[in-house]
Each structure stands twice: as C-alpha cells, then as structure tokens.
Amino acid sequence: SWEMDLVEGRFELKEIQRLEGHTDRVWSLAWNPATGSAGIPPVFVSCSGDRTVRIWQQSGLQSWDCKAVLEEKHTQTVRSCAWSPSGKLLATVSFDATTAVWEQIGGDFECVSTLEGHENEVKSVSWSASGSLLATCGRDKSVWIWEVQPGNEFDCVSVLQGHTQDVKMVQWHPSTDLLFSCSYDNTIKVWAEDGDGEDWQCVQTLGESNNGHTSTVWALSFSPSGDKMVTCSDDLTLKIWGTNAQRMHSGNGYAPWTHICTLAGYHDRTILSVHWSREGIIASGAADDAIRFFAEDKESSVDGPSYKLLLKKEKAHDMDVNSVQWSCMVRCTSYNLGPP
C-alpha cells in the first residue's frame, strides 16, 4: 500500500495540479465528507484573503475545476471553512466578525444564516460530530457554541471566556461532545457541557506547566481513533497528547489529556497547520514553505511512543503553507496555495 511505501521511504510527493483563482492568500481548506465515494466526485472548499470562498470538484483522474465562487457575503478575509458532517451545510468565518452558513440549493450555494456576536475577526469554525453544534472563535479571546435548530436557525448556547489572547482554532473531538481550542496565549483548552446541560466549562488547560507549548498554538488534529491529539506551535514543535479512550467513552467523568512526546528539531519556522490522516500519518505545513509527514516509530518506542519524519517536501509552495488537509476518501491531499 502507499502508506507502507511512505513509512518505508519509497514515496515522493508530486504536484498534480496548481489550482488558481484566488487573488490573495488561501487560508483554509476543507474536504466535503459526503463526496469522494459511491460515484460522487471529491469536493473541497477553500477560503481566502480575497473575501471569496471557492468550491472545487474533481473532474478527471487528476484534474480539478472550480465549480462555484461564493462572494459578496463577507466583506473581509475569509479565514476558515468547515462542512457539516452530512456535507449539506458549509460554514465560513471572516475577519468581518461574522459566520455565514451556506446550503447547496439546486446547483447554487445560498447563504441561509449569518451568525453575529464576535467583536472582531473570527478565526476558526468547527461542527460537532453529530452536526448539532457549531463552534467559532476569534481575536476577541472568546469561543462561541451555537446549537443548530430546524430551519437553519442557530442559537448561541454559550460564550466561553477563558483564553487570555486571540483564539486561533476550535476543533470538536471526532466522537464525543468535547471542544478543543488553541490560542495565542500558548495553551489548548478543553471544554465540556456541565452536568445539568445548562452551560459549558473549561475542564482542562494544557499549558507550559503540563509539558505544553511555549508560544502560540496554531492548530490541532485528532488521531483516527480519537485517543491522541497532535498540536503545532510557533515554538517550532509538534506535540502528541493522549487520553484514556475507555474512560472517555464510558461516561465516568472527564478523561484528562496528557503529554506523550514532543517532535522538535524538524521545523525552523512557525508550524501553521497539522492534520492526522485516517492511516495514521501526520502532515504539517509551516512558514518555511515546506510540508512534512510523520508517523509513529514502532521500532523505537522503549520510553513510550515516538514519531519519525517520513518525508519533507521543500518549497511545496512559494509562501507559507497555511493549511494541510488529508481527504477522507481519495488517496490524495490538498494544501494551501500561497500567492504566486
């Protein structure tokens, strides 16, 4: 298999197409989870400093076309985009302080809801695994949780104040209603609904005192089984965290996350993005314009799990690699296209 080839070093990364259309830097990408199988061609979305959102669809074996441009909704940079688990709704967030929710009606994407509340730039958006909750975060140091109601209505159920700086990313756990946020304040926070279901609270802060990062945490991603997490930072490291999967799913109280290992010495510029593939390969994108792949090193795990560099692709882009995203269905990956 190609995963085996990659792990054993018999693999190279080859550019198959350069997708052009955005007129400013591309900030984020997301694959539509309802595409790429059962004869439905893979689709992904990109968003940009040019204030537009583009929908891309595979049209041939190795070619991609822009199927739609969503514009005239956001008035500033569109920073993050995410599909609902069903693939029916698309959420986009912008420096204009709004979140837009789009639905494909017929062949067109229509904005069916605009969520307001953040004071300024909204940086990231994520849907819960059930699709019933949406989270957003921003420069105003807050994390908002929205409940999806019938008729494309969204109610804010909680505004979480805990970070002391700009919140860079929110990410729901893939199988439980736990929300994770990472921030310019160097921490990752874990949020859970309290016992009576009335509000949300911070149940853990992963910071320097628990072997955490010493600078801005840009992004995080979960392992396929959901019991490990990788985070990336301006401190030039990736960190792997783990939790007790049985306890997490048993419902017997919160299962805390602990530091497993740190991957240091591989990056010499800020690590902006990280994503863990279904096959267990971690991809990172950095401000040195490179993409790197890592996997667990099964042979040298005497002191607990360790990870090794499988591949480094120099000059993957002409500028910062802002987003790396493995697709779930097809055997290919997509990265941010910086300005030419």
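Just so you know, the numbers here start at 1 and follow the chain as drawn.
Using the three backbone atoms N, Cα and C, a Cβ is placed for every residue, glycine included.
A TrEMBL annotation is a machine prediction, not a hand-curated record.
Features reported for this protein in TrEMBL:
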- 19-57: repeat 'WD' (REPEAT)
- 71-103: repeat 'WD' (REPEAT)
- 115-156: repeat 'WD' (REPEAT)
- 160-191: repeat 'WD' (REPEAT)
- 210-241: repeat 'WD' (REPEAT)
**Message:** Applying the under-8 angstroms CB criterion, which one of 19-57, 160-191, 210-241 scores highest with the repeat 'WD' (71-103)?
**Reply:** 19-57
**Item:** Tally of residues which DSSP labels helix, strand or coil - the repeat 'WD' (160-191)
**Value:** 0 helix, 17 strand, 15 coil
**Message:** When secondary structure is assigned with DSSP, how many helix, strand and coil residues does the repeat 'WD' (115-156) contain?
**Reply:** 0 helix, 26 strand, 16 coil
**Per-region confidence, the repeat 'WD' (19-57) (mean pLDDT, whole number)** = 95
